[in-house]
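K.L.:
One structure, as structure tokens, below. Some questions next.
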Amino acid sequence: MTQSDILLAEAPGPAVPPARRRRRRPLAAIPYVIIGIYVLAAAIGPVLIDYDPVATEVTERLLPPGSATESGTAWLGTDAVGRDVLAQVVYGARTSFIIGIAVVTLCGLIGVALGAIAGYSGGLSDAVVSRTIDILMAFPGILLAIVIAGLLERGMHVVIIALSVGGWVGFARLSRSITMSTRERDWVDAARIMGVSKSATLTRHIVPFLAGSVVALATIELASAVLSEAALSFLGLGLPPDIVSWGQAIAGGREHLGTAWWITVFPGTALTILVICIGLVGDRLTRRFTRKRD
Amino acid sequence: MTYFIVKRLAIGLLTIWGVVTAVFIVVRLAPGDQATVALGPDATAADIEALRHTLGLDRPLLLQYFSYLGDVVRFDFGESYRFGRPAMDQVIERFPATVQLTLAATVIAIVAGLILGVVAGKKPGSALDRAVSTVALGLQALPPFWVGIMFILIFALQLQVLPSAGGGSLANLVLPAVTLSIPFTALVARMTRSGVAETMSEAFVQTARSKGLTEAQVLTGHVVKNSLIPVVTVVGLQVGTLLGGAVIIETVFAWPGLGSLLVSAVGNRDYAVVQAATVLIALCVIVLNLAADMVNAKLDPRIRLEARR
Amino acid sequence: MTIRTRRSLAAGAGTVALLIVAAACSSDDPASQTGGSESAGGDLTVAGPIPIENLDPHGAASLDAGTQLAARAIFSQLVVSSGPGEFEGELAESWEPNADTSEWTFTLREGVEFSDGTPVTSADVVASFERVLAGDGPLAGNFGGYAAAAPDDSTVVFTSGTPDAAFLGKISSFFVTPQAAANEGFFQEPIGSGPFVVESFEPGATLQLAPNPGYWDGEPALDSLEFQSIPEVAARMTALQTGEIDITWAMPDDQIAQLKSDSNLTVENVASPAVFTMWMNSSTPALQDPAVRRALWQAVDFESIIGSLYPETGTPADSPISPAVLGYAPQEPVPYDPEAAKAALDAAGFDYENTVIRWQFSQANFRNFVDAVVSDLAEIGVTVEPMEKEQAVFLEDLLALNWDMNLQQLGTQGFDAATNLGRLYTCEANRIGYCNEELDQILAQAGSTSDTAQREDLYAQAIEIIWDDAVGMYPMFVEQPYAWRTSVEGFEPVSDGVPYFDEVTVSGD
């Protein structure tokens, strides 16, 4: 939610001379490349690296990176039951993406729909949506997810729901405020005067205008969903033990921090780099679209 | 202004009611019966039924809801079965530790963020500016719980200069407060940077310069002062995120605050404590946001006007 | 510019420092307060694995390790178990069952007082017992059908409708409080007859105790005793090594080697009544056949798993109850033989394709063990779905038999097989989905005689049936590890992980 505030708040931001920013810098491509590598790893990594999260080898537990095991070399070491850490990093990427994308899609759909309707119609529907947003905003980010995921039974869908309950608010606020300002534009007035129905005006003349900013926000929310999933798993809430996730791997290695740092360090680094890169991309998109909107 | 305040207060009250209701719904949706946990595996079905009756869990849901509302108005969240005392007492007892942690983190964030922001915003577009901005972006995205663990690994286990967990002393506060402050340091740095960059070109800065003030005097006397107020307001608005972060950081560092209490209460199905803690945290957020709103409105009349629409 | 920035930095740092000082002051540091006093016995700081959240030994937390730990320091039991089937009197000087063990008469020790000077009478015992019965805690389930009476000031009679040879084992978890315990707020500043009195208590954080000068068995030598809560394992180990705490226990195996290499520490394991118990639900169609259950047991290489995961505290079990318990009888170990297991499953017509064994557990620290077992079973083609559940859901499902396999570290209260086998394995209890009338009869007989030799014999028969029918897998006996600083003297590790501190002294801190 921090990020959606920025998206809203930074709208009148002339601070940076645009000309300088527009200059292409080769370094700017780095985050995209890294994210690409992650997506590849999540998509085809499981095909290349054979890993069965169920199979353990207790005699090969807590081996340092580069150790030889019966099934090959454990480049990033093994965990407390002898599973390969590298494979966990790769399979964890998949879990993170699945949950992240599901959460963002769900939140985006709900948020944009409610936000656009509230912003365009005003009146009662706006009041209801706005007050619901107020209520959800009162729960600090992850708090609601902790309570929901902690109280319901475990499962990937529970994590997705728990993160979505508070997650759509950002989309709704953004769409609502943009819709409210767009409503007053000439072409919307024109459509209204020409007798275009309310729903058609919304979908044809307003929602397309939202797209850029929503994509920007979705990127940022993706980073935060990935992060929150890891945090939940780290607290031991939400995911069942047989789903590989970075958060669970980090939590599992906590007890061995002094003796087997690799269990926590590698999945954590993978998580950190991914979240930072998505954040960088999201920031760039945000700046582009907030400027365009003005 | 009065209209604005009244409207905001009304919305605040409505929000509090919503929060209280939402918490009730979530807790009732949860599987797992409190009476069963309290009585353990050897209890007879009759015992469990009797306790459910004492706890009022066998009444119709709507009735439970209204009596819960009535209790909440009196700030009574019932007895914690784990602690054998009113849940709110337990929550209030842990609250100062959380306040300490969040306050320390806020101060660190404001101080460090301002310095970074001024350094970067002084010469917009310079290499230093770009470096600070990129680092700030990175910091904002760092997973706090992971940073906390790395701090434990480095400072507590490798260097052995700071304790890894627990509460109470100065040394105990350092790691969790710094960890919690990181994303907010980045946020403050970014805000200050744009604020400073903007002000640097404004007329009164030029005037100050032409009056012969040194660059340092101009910066602290005019530029920073100007960027400070929005920074503080935004920090007020971010208090929710800060408290949410504290929940996790407290668990990482075993800081004896509300967050670690809440996480263990969720695990123990101590509904009374879950409700009390959640509502108290939400209440803090609502009140502080309200305060930040008011300050904002006082400073910026446009907001008041918008409220009228 | 530089100068000004620095000043603002310094100002900011000052604010932080102020806050931190405030933080430091607000928490009173007990060590520095009591550290100055002249010490004969010293100040002892203890951190167990479970925080002390509640001091009420009768309520919902009564069987919590944290509550029991505090209760053993503050209150007194009637009897204390001192070994398999052996008990020592604490508040009770002597006790006597009637012929069929359905009535137990206790004679109280003379001249025992609560720390406020009032004498401990049989009325207090009865009131405490009634508080347990009426209470909303797990202890009540032990005493279904019981009533207590006080014919005179120093005699208490407990009567049950049915014979109960294991009553002593059960009553050893029962603490006597003054009658005032029923009053609201009593447990904020409780009064007991134990070796220590409460100075201050922050639930879930610290419990500060002072010796009770009027303790009937002699005032403890310690100047003060403090229980701290350090939930994070690594932090607890560090605190022990740096001397912030003097005693801890229940350390994970992976930490023990490091502690052993520290010359300032003594590390010792004691046999405990706990057994890793993996019941298999006999009412699940796929697990109905004892041959299937036994084959599954055979398919897991428990020896490697225990050797790798629990090198310090685990030993392969040869009985469903531990050697520390009355009634223990060793059985023929089940050897690891995946091929024989596969053959047996094939012979029994086990449906590999469509059977998913739902294995429930509730503690995160079982994860490694569970993963390893699941992996071994997957090797022979058996699918097990590990289900980690929150305590509440776990308990509900446990009682509803909503599981195919269950994992618990099962202790035996009072070190008497009756509280384990006799309580859990009957048809009536229906806790495992297993029902065997022959076993029922043996257990009933064992539960209704006070002749120890006869009971041991009967439990040996019962254990043989349970073991051969593979009602569950019983992979491992758990030892309880303790570690304490060498400056601590007189500390006696106890097998149930809830130690006493009245004989302890600390030298030259």
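Every residue gets a Cβ built from N, Cα and C, even glycine.
Since this is a predicted model, take the numbers as computed values, not measurements.
If you look up TrEMBL, you'll see B:95-292 marked as domain 'ABC transmembrane type-1'. Annotated transmembrane segment per TrEMBL: B:9-30, B:97-119, B:131-157, B:169-189, B:228-253, B:273-292, in sequence order.
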K.L.:
Which range out of B:9-30, B:97-119, B:131-157, B:169-189, B:228-253 gives the transmembrane segment (B:273-292) the most CB pairs under 8 Å?
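P.N.:
Stretch with maximum Cβ contacts: B:9-30.
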K.L.:
Counting Cβ pairs closer than 8 Å, which of B:9-30, B:131-157, B:169-189, B:228-253 has the most of them with the transmembrane segment (B:97-119)?
P.N.:
B:169-189
K.L.:
Cβ pairs under 8 Å with the transmembrane segment (B:169-189): which stretch of B:9-30, B:131-157, B:228-253 has the most?
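P.N.:
Of the candidates B:9-30, B:131-157, B:228-253, B:131-157 scores highest.
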K.L.:
I need to check the long-range neighbours of the transmembrane segment (B:131-157): which residues 6 or more away from its ends have a CB within less than 8 Å of a CB in the stretch?
P.N.:
116-117, 119-120, 163-165, 175-176, 178-180, 182-183, 185-187, 189-190, 193, 245, 248-249, 251-253
